[in-house]
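Scroll down for the structure; my scribbles are underneath it.
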Amino acid sequence: MVNMKASMFLTFAGLVLLFVVCYASESEEKEFPKEMLSSIFAVDNDFKQEERDCAGYMRECKEKLCCSGYVCSSRWKWCVLPAPWRR
């Protein structure tokens, strides 16, 4: 019985210690997730889409016309694939 109490106490103490370490590292590095996400999703100038006269799939079509093969959704104002119910 004593052995089980000791193991439960050690488990609980380990969880508390893990929580304290995680909280301390999070409070030190609050900007780390933002920096990591911005570096992952950073877009290089070579990979940027070129500006077109028409809007492609799932692009806004308020001011631009949709490219061939797409229609402007009256509800969402996006360029979508034409379907029988969108006539």
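Backbone N, Cα and C define each Cβ position, glycine as well.
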Notebook entry, point to check: Cys54, Cys61: which one closes the disulfide with Cys72 in Swiss-Prot?
Noted result: Cys61
Check: Which of these links to Cys79 by a disulfide bond in Swiss-Prot: Cys54, Cys66?
Finding: Cys66
Next item on the list: Taking Cys67 as one end of a disulfide recorded in Swiss-Prot, give the other end from among Cys22, Cys54.
Entry: Cys54
Item checked: Neighbour count (Cβ, 10 Å) for Cys61 (disulfide bond) -> 21
Next item on the list: With Cys61 (disulfide bond) as the reference Cα, tell me which of the disulfide-bonded residues Cys54, Cys67, Cys79 is the closest one.
Entry: Cys79
Next item on the list: Identify which of the disulfide-bonded residues Cys67, Cys72, Cys79 has its Cβ surrounded by the largest number of other Cβ atoms within 10 Å, counting every protein chain shown.
Entry: Cys79
Item checked: Other CB atoms within 10 A, centred on Cys66 (disulfide bond) -> 20
Check: Around Cys54 (disulfide bond), which residues of its chain at least 6 apart sit with Cβ under 8 Å of its Cβ?
Finding: Lys64, Leu65, Cys66, Cys67, Ser68
